[in-house]
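Visitor: The structure follows.
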Amino acid sequence: MEGVDHLADERNKAEFDVEEMKIVWAGSRHAFQVSNRISRLVANDPIFEKSKRAVMSRKELFKNTLKKSAHAWKMINELRLSDEESIRFRSFMDQPGFVDLHWGMFVPAIKGQGTEEQQQKWLPLANNMQIIGCYAQTELGHGSHVQGLETTATFDPQTDQFIIHSPTQTSSKWWPGGLGKVSTHAVVYARLITNGKDHGVHGFIVQLRSLDDHSPLPGITVGDIGMKFGNGAYNSMDNGFLKFDHFRIPRDQMLMRLSKVTREGKYVASDVPRQLVYGTMVFVRQSIVSNASNALSRAVCIATRYSAVRRQFASQNGGTETQVIDYKTQQNRLFPLLASAYAFRFVGEWLKWLYTDVTQRLEASDFATLPEAHACTAGLKSMTTSATADGIEECRKLCGGHGYLWCSGLPELFAVYVPACTYEGDNVVLQLQVARFLMKTVSQLGSGKAPAGTTEYMGRAQHLLKCRSSVKKAEDWLNPGMVLEAFEARALRMAVSCANNLSKFENQEQGFSELLADLVEAAIAHCQLIVVSKFIAKIEGEIKGKGVKNQLKNLCYIYALHLLHKHLGDFLSTDSVTPEQASLASHQLRSLYSQLRPNAVALVDAFNYTDHYLGSVLGRYDGNVYPKLFEEALKDPLNDSVVPDGYHEYIRPLIKQHIRSARL
Ligand SMILES: CCCCCCCCCC/C=C\CCCC(=O)SCCNC(=O)CCNC(=O)[C@H](O)C(C)(C)COP(=O)(O)OP(=O)(O)OC[C@H]1O[C@@H](n2cnc3c(N)ncnc32)[C@H](O)[C@@H]1OP(=O)(O)O
Ligand SMILES: Cc1cc2nc3c(=O)[nH]c(=O)nc-3n(C[C@H](O)[C@H](O)[C@H](O)COP(=O)(O)OP(=O)(O)OC[C@H]3O[C@@H](n4cnc5c(N)ncnc54)[C@H](O)[C@@H]3O)c2cc1C
């Protein structure tokens with residue numbers, strides 16, 4: 001029934017102030033107000049309609065993306081939206097496109113790696129979209145191994161230019177978003193060669209297409225790399241290829257904040273760590289962690305509302321059928337995902353703080369926290385995107401058959417989200433960076449240099465290597481100190497075990513490659529500890545609103561205890577908990593599920609998503625699922641006619657043949 005709230009009973013059960021939880025979720029009252037206003041602005045604009053994406057051809061979808069991006073830009077200017085509002089606007093538009101890379105990587109690369117003069121020249125052009133840029137790093141032959149890139153930028157002192165060249169097929173740039181059909185410019189990563197010497201990979205601003213007619217400049221071959229996973233989905237993005245044939249750019253288009261090439265061709269490295277050339281990736285990895293909570297919360301919102309609407313099997317006394325959300329199995333799969341969405345939100349907030357802090361330190365030439373910032377952004381990007389991709393797929397299964405329908409919103413969400421496990425660093429490769437950092441930290445224990453930040457717990461190794469958990473009853477698992485100690489002991493013991501095994505190898509690099517799988521597991525344990533500890537820090541802080549803190553506490557312990565359950569092998573094999581304590585944790589988890597159950601729908605309402613943004617018939621705010629499923633089905637082009645195209649060619653002859661042979 002139109003206008004009826006089918007989830008009203010669920011909403012009435014809530015034991016907390018949903019409006020206050022919306023503010024906690026958004027990060028502040030101001031952030032909530034911005035999100036709330038902008039999401040409705042986008043939802044009410046017919047240009048941003050998105051339900052037909054799956055049935056569009058690639059060309060239609062791409063043109064539709066251009067149209068939406070141009071309209072968004074017009075609105076952003078007409079309404080004089082701030083940077084914060086514009087970011088929200090593009091995110092609620094919810095269609096991957098070249099603008100993501102222009103604002104998300106091209107502009108940050110110039111800001112982070114360009115000199116003052118370079119910023120003054122290029123940023124106004126980029127900020128006004130008079131030029132459109134992308135981030136061209138990955139090549140056909142190398143993505144993860146950045147130092148293995150083959151594109152060359154050779155300085156020619158006679159003309160004061162760099163010659164950008166793709167010497168092999170594998171050196172072709174391959175994957176950059178926005179490159180295929182749109183970008184006029186790119187930040188291109190290439191090996192800098194001066195006076196015959198290779199100085200490694202550096203960034204260069206390169207114009208690719210004419211600003212008059214958009215044709216590729218002479219010496220440039222560029223195009224789209226073709227269809228990607230899923231219909232619609234990420235195919236709105238023009239990921240591209242790019243080949244250079246001795247293409248020349250002026251010397252001042254090398255991004256020279258970190259190192260320079262003089263007019264004479266002398267390479268001058270500054271005293272800052274060369275890894276700062278990877279700074280844009282650190283920035284984006286940090287924002288990908290916040291994005292993980294967006295994607296996972298969307299999926300969880302759909303699965304939670306639908307699980308409350310969907311009923312299967314009568315209860316024993318033959319009354320109304322059971323809401324599937326009341327099955328303990330459903331809760332055991334769904335509620336940890338709901339808790340994870342909140343956990344990733346809070347760790348994302350903290351990571352943003354860490355990133356801002358390290359950026360300020362770098363500006364003051366303090367590089368001490370750079371390795372930790374790299375390890376945290378790499379590890380948390382990896383951990384949260386893997387969990388989110390798996391979580392979206394789990395939400396699809398939680399919605400049964402209807403979850404497989406396009407209009408559930410889940411297939412497209414999954415198809416768009418899953419490459420996050422690969423882009424901005426393959427998730428295994430990134431965890432190995434964390435593992436290197438942990439091995440270094442363990443090797444320095446006892447050297448007098450106390451570990452700080454997220455490895456501070458390693459400084460308490462003497463205690464953590466020996467301690468036994470003091471959990472004696474199920475409620476002890478609601479004690480933050482006891483939970484943290486179990487996670488710290490597990491993470492430290494796994495890291496120390498890897499370090500001990502490494503020390504048995506004469507050649508450390510060989511040892512590292514033999515132990516890769518164990519090292520990744522140790523890195524994941526460390527990252528999970530970070531997320532748990534930041535969630536605990538959140539619930540120990542000031543939180544307003546009736547019942548809000550209580551809900552967050554439940555979510556925090558569900559997050560921690562479900563991880564304990566899932567990785568029980570780690571906890572038991574490291575003696576961080578006993579089998580009896582693990583069983584008490586499962587008992588406590590079941591009790592927490594029961595406490596969460598009446599609040600489940602309100603907890604996803606707190607995400608404050610519009611039906612437009614959710615894009616799901618199953619996750620509609622009003623829960624009016626069944627009539628809307630019919631409406632969506634009838635919109636499918638196959639239902640435009642009762643008798644399908646092709647009937648006369650392919651179906652009728654079969655049936656006729658059958659009738660003829662039956663008569664014989
Ligand atoms: C404002 C809103 C923003 C919204 C943003 C939206 C974003 C839009 C999303 C759009 C969608 C998709 C975008 C996708 C874009 C891309 O994918 S771009 C390409 C990304 N590519 C990668 O991520 C490549 C992954 N590889 C690497 O990062 C590195 O090469 C790797 C770390 C694997 C290399 O490691 P090493 O082999 O160790 O190489 P070295 O270069 O020699 O490093 C030596 C030491 O340096 C340390 N290190 C490495 N990286 C960093 C870093 N980033 N920062 C600090 N330090 C770093 C490394 O640990 C070594 O340290 P050690 O010597 O051991 O102490
Ligand atoms: C949708 C999408 C958008 C993208 N956008 C951009 C963009 O805008 N700009 C850009 O420059 N790039 C972009 N990329 C490229 C992306 O950054 C790379 O694909 C990514 O960094 C992974 O590198 P790769 O493809 O070389 O994977 P590979 O390194 O070839 O990975 C293949 C397998 O090998 C394993 N592996 C590799 N090295 C190791 C190791 N040392 N130890 C153990 N296992 C290892 C990996 O775990 C993986 O299982 C995009 C990619 C995608 C999918």
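Counting starts with 1 at the first residue shown.
Note: Cβ is positioned from N, Cα and C throughout, glycine not excepted.
In case it's useful when we look at the structure, here is the feature table from TrEMBL:
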ACT_SITE  Glu424  active site, proton acceptor
BINDING   Thr138, Gly177  FAD binding site
DOMAIN    17-132  domain 'Acyl-coenzyme A oxidase N-terminal'
DOMAIN    134-235  domain 'Acyl-CoA oxidase/dehydrogenase middle'
DOMAIN    278-439  domain 'Acyl-CoA oxidase C-alpha1'
DOMAIN    480-656  domain 'Acyl-CoA oxidase C-terminal'
Visitor: At the level of the C-alpha atoms, what whole-angstrom distance separates the residue listed as 'active site, proton acceptor' and Gly177 (FAD binding site)?
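Guide: With distance taken Cα to Cα, Gly177 (FAD binding site) is 12 Å from the residue listed as 'active site, proton acceptor'.
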Visitor: Give the number of CB atoms, excluding that of Gly177 (FAD binding site) itself, located within 10 Å of its CB.
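Guide: The answer is 25.
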Visitor: Would you mind checking how many other C-beta atoms are within 10 angstroms of the C-beta on Thr138 (FAD binding site)?
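Guide: Result for Thr138 (FAD binding site): 18 other Cβ atoms within 10 Å.
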Visitor: Could you tell me the mean pLDDT over the domain 'Acyl-CoA oxidase/dehydrogenase middle' (134-235), as a whole number?
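Guide: 97, rounded to a whole number.
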Visitor: According to DSSP, which of helix, strand or coil covers Thr138 (FAD binding site)?
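Guide: DSSP call for Thr138 (FAD binding site): coil, neither helix nor strand.
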Visitor: Near Glu424 (active site, proton acceptor), how many other Cβ atoms are within 10 Å of its Cβ?
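Guide: Its Cβ shell of radius 10 Å holds 25 other Cβ atoms.
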